[in-house]
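K.L.:
Annotations for this protein, taken from TrEMBL, read as follows:
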TRANSMEM  41-63  transmembrane segment
DOMAIN    56-264  domain 'Ion transport'
TRANSMEM  75-94  transmembrane segment
TRANSMEM  114-133  transmembrane segment
TRANSMEM  175-195  transmembrane segment
TRANSMEM  235-261  transmembrane segment
DOMAIN    394-605  domain 'Ion transport'
TRANSMEM  399-419  transmembrane segment
TRANSMEM  431-449  transmembrane segment
TRANSMEM  538-559  transmembrane segment
Amino acid sequence: MPNSSTYAHELLLATVLVENAATSRSARHLRDSASLRAYRWYNSAAVKTTVRIAVATILFLAFAEEPQSIVVEPLAVATIEVLCLLVFAGQLIAKYRFLGPGRLFQDRKNTWHLVVLALNVIDLGQWTMFRYFGSIENPVRYTRVARVWYLIYSHKSVRFAVRDIEKTARDIVDVLALVLLVMIFYTCVCVILFADSPAGGGYFDGPAIAFINLFALSTTVNYPDIQLAATEESLWWSLLFVSYLVFVLYLGMNLVLAVVYNNYRIHFKDDLRHKAVERLQLLDEAFSLLVSHCDGTRVSRAVFDDLLQSLSSGKSSSFGGSDLKSAQKRDILFTMLDEDDEGGLRRSQFRRLVELFDVRLVEKLPLNNIFDKFFPSIYRSSGSLLIRRFFISSLFQKFIDTLIVVNGLLIVVSFYVLGTDGEGGSTLSRGTLLIMEILLTCVFWLEALGKLYALGPQSYLSTYWNRFDLAIVLCSSVDIVLFVESGFFTVEGAGRHSTLARLVLLARTLRLVRLIHQIRRFRIIINAMLSISPLMSTYAACMGALYYTFAMVGMQLWANRVSRDDPAVVASLYGQNNYYVNNFNTFAHSLVVMFELQVSNNWHVIASGFAAVSGMSA
């Protein structure tokens, strides 16, 4: 087995190259041993977790900062922010160790990170100076809107998604320009036809007002109101508005959607191709380093073991959960790659190494059934075997599914008899429902205990749905005990425990969740949703960053400015519909407004309140 300083360094370099291939990272770092160790430390699970906690913390500080949703001492909030900024500064320092000054700032994202970090420190400094040493009680924080940068910088998947979105946005500019041109054309036509005319209904009294109302029409929030006055004068005017909706909404917007989908798919596939090529290049380079210490054509078993042990020392969670320190699992991986049983891996075989990292290796061991261990003669008897087969049979499971449906019907009956607050119904009806609930709970207990006996405790509890079923049965039993002890089955007791009634009904309702597991089509849908959840979480983070940015801008512009005492606000649609709760007074309120605007239901009503304060530009 090779054993030299050169081998140790090249093994470390090969380890880093394989890790880069497995995690789709580039290899622009320096290649001396100290830089490689610093690079592995930077990409370790502990450092990644620390950075993610810092990112989440600095984003959630918006809830505790003025205007506050959560009341916290401002100095404490500033101290937490300083700690987060130290973590982000540490990212640059760590990158400096394995990239060097030249390569560090060749990457634009590192330059932007330094700029945002410096501006954040300066902004925090001016806020502290004016608040605690000056005369301004609540100084403005200018850089809070830039905090989403830390999310983008620290999460590679989010950064790639933003880059693909940026590329796609450039591709649809011409289509958006065409749609905008059509909207401007219809704006001019409507102003010429309906300005200062009763047929306009006040929607087209100026170019700016007409354009905004036609934009609202493209989201259908003011349809058919916008055309009622015109069609009352002549039904032919409806053709004008219908043609606008056809060209802008049905053709234009769908064309935009089609272009977005097509171009984003192209960019996404290009990224995947680029990553695949880069992965092969990294693996080929790692293979060349390792094979130089073997016979020149194959990576030997000993060198392969050294590589896997080195990979396992990185404390990274990038290898599908496989414990590469286990000699048995290393042997399995080598056997899967060495298909021709030559005792070494050729280049084509070594290239498949990263693919096997995505395969979770599960070691099947005989489950220790406590019943079989201590009572083997009884557990293996014919009567016991019959009982075990009964509890795991499909017939028994269908019976339980039927009872779950009956449980759902019982919940509906409970709503009608007891009411949603639990205060209705007579003592007799309450007692009847209690008896039925006890019977159902007993049957579900029988199911849980029967499966526990048939499968054994370890096997039974290893399944998530079995643990969920057992928890629901336990909750139902506790609810029944509280139900009886509180005197809830009497009308007098019910009036004193309406909250308990809601908890009892909630516990019963959770049983319906079991149907998701029992019905195959439901199970397929849930599994599909879980399989795409990592990808969806990336785009959820992008959307969250967009929410955060606009919420911060909204607070800077309109915090505590939209008031019930402002006559202009009261006269607007915002005031007439009592929309005052939709404001930017706190970060929590701002996020709610952002979501309501995204849904697009009555967004123009919300916007009218802020337009009353800041003008039509709002």
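The backbone N, Cα and C atoms fix where each Cβ goes, glycine too.
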K.L.:
Taking a Cβ cut-off under 8 Å, which residues six or more beyond the ends of the transmembrane segment (538-559) line up next to it in the same chain?
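P.N.:
For the transmembrane segment (538-559), the sequence-distant neighbours (Cβ-Cβ under 8 Å, at least 6 residues beyond its ends) are 59, 62, 67, 140, 144-145, 147-148, 151-152, 155, 157-158, 161-162, 165, 583-587, 590-591, 593-595, 610, 613-614, 618.
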K.L.:
Over the domain 'Ion transport' (394-605), what is the model's average pLDDT?
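P.N.:
That stretch averages a pLDDT of 77.
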K.L.:
Residues sitting near the transmembrane segment (75-94): Cβ under 8 Å, six or more positions beyond its termini, same chain?
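P.N.:
Distant Cβ neighbours of the transmembrane segment (75-94) are 38, 41-42, 47, 50-51, 54-55, 57-58, 61, 64-65, 104, 110, 113-114, 117, 120-121, 124, 127-128, 132, 150, 153-154.
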K.L.:
Could you give the residue numbers and ranges of same-chain residues that sit at least 6 residues beyond the transmembrane segment (114-133) on either side and whose C-beta is under 8 angstroms from one of its C-beta atoms?
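P.N.:
Residues 74-75, 78, 81-82, 85, 88-89, 92, 105, 139-143, 146-147, 149-150.
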